[in-house]
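Everything below concerns the one structure shown next.
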Amino acid sequence: MQNRKTYAYDWIKKWMIKSISTLIIINTMVWSSVSEAYPIFAQQGYENPREATGRIVCANCHLAKKPVDIEVPQSVLPDTVFEAVVKIPYDTQVKQVLANGKKGALNVGAVLILPEGFELAPSNRVPPEMKEKIGNLYFQSYRPDKKNILVVGPVPGKKYSEIIFPILAPNPATNKDAHFLKYPIYVGGNRGRGQIYPDGSKSNNTVYNASTTGIIKKVLRKEKGGYEIIIDNTLDGRQVIDIVPPGPELIISEGESIKVDQPLTNNPNVGGFGQGDAEIVLQDVLRVQGLLLFFASVILAQIFLVLKKKQFEKVQLAEMNF
């Protein structure tokens with residue numbers, strides 16, 4: 001009896017250890033996949049996502065150009081929360097090539113570069129109706145010391161092709177670096193995977209070209225997907241092997257003559273990156289009040305002029321009748 005209990009205990013212990021190990025492995029794989037997705041590449045490799053030329057660095061890996069749009073209020077008051085709406089349009093019916101070569105839905109991501117002093121609004125300052133529109137999005141600062149640069153993604157494109165950032169405007173009364181001025185806002189938006197990794201290597205979401213001029217001797221399909229293309233170099237007689245990962249489709253065949261840099265595959269990329277900008281005015285309350293008082297005084301002056309004119313006309317009419 002004692003032996004049975006010991007055996008059962010050992011079996012349960014082994015089962016728990018295996019289960020925990022499996023969960024750890026799965027968790028590591030999932031989070032590794034997420035960590036290798038944008039915008040983490042930009043955060044790791046660039047101090048600032050916007051270069052001196054105005055180009056946002058995401059374009060270094062996402063080579064196709066696609067549209068993106070941003071909508072912000074024309075002006076905002078100090079210490080108020082407003083929406084910055086980033087639109088990343090694309091055909092939600094299309095599928096992209098995943099890292100394993102299979103087809104799947106597109107993700108989207110965005111980077112929002114705000115003026116100094118503007119930052120992500122705290123949760124307790126965001127109105128309930130705005131929270132409902134934001135959904136389950138998680139925003140983070142590009143750097144701990146760059147609270148004015150926000151990134152989000154990757155998130156499912158079908159659900160979040162329109163991303164709403166809750167932004168808190170600065171208050172010049174408490175923030176000496178903030179001023180009542182017109183400010184630029186920059187945005188970069190992406191849909192789908194990139195074509196180039198930060199180390200310069202290609203992903204499987206791009207065109208693969210021939211590395212040499214020659215004749216295709218053999219095309220071998222690899223067991224785990226992808227191809228090995230054996231090319232007889234016509235210049236020196238050597239054989240060159242070009243590797244194509246799972247995903248891109250071949251557009252060449254055995255016996256075909258090719259030239260260096262000639263495409264061996266189609267371009268599977270259906271996504272792309274775009275950037276845009278907008279302007280926003282940090283408005284002084286006293287200026288607004290002064291403007292309203294000015295308009296009120298103009299309206300009152302017009303009313304008094306009309307009344308005075310009518311009074312003058314009555315006097316003239318009375319004198320004529322007399």
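Placement of Cβ uses the backbone N, Cα and C atoms for every residue, glycine included.
What Swiss-Prot records for 1-37 is signal peptide. The heme binding site feature in Swiss-Prot is assigned to Y38, C58, C61, H62. Annotated transmembrane segment per Swiss-Prot: 285-307, in sequence order.
Neighbour density at the Cβ, taken as the number of other Cβ atoms within 10 Å, is lowest among the binding-site residues C58, C61 for C61.
In the three-state DSSP reading, C61 (heme binding site) counts as coil. For H62 (heme binding site), the number of other Cβ atoms no farther than 10 Å from its own Cβ, over all displayed protein chains, is 25.
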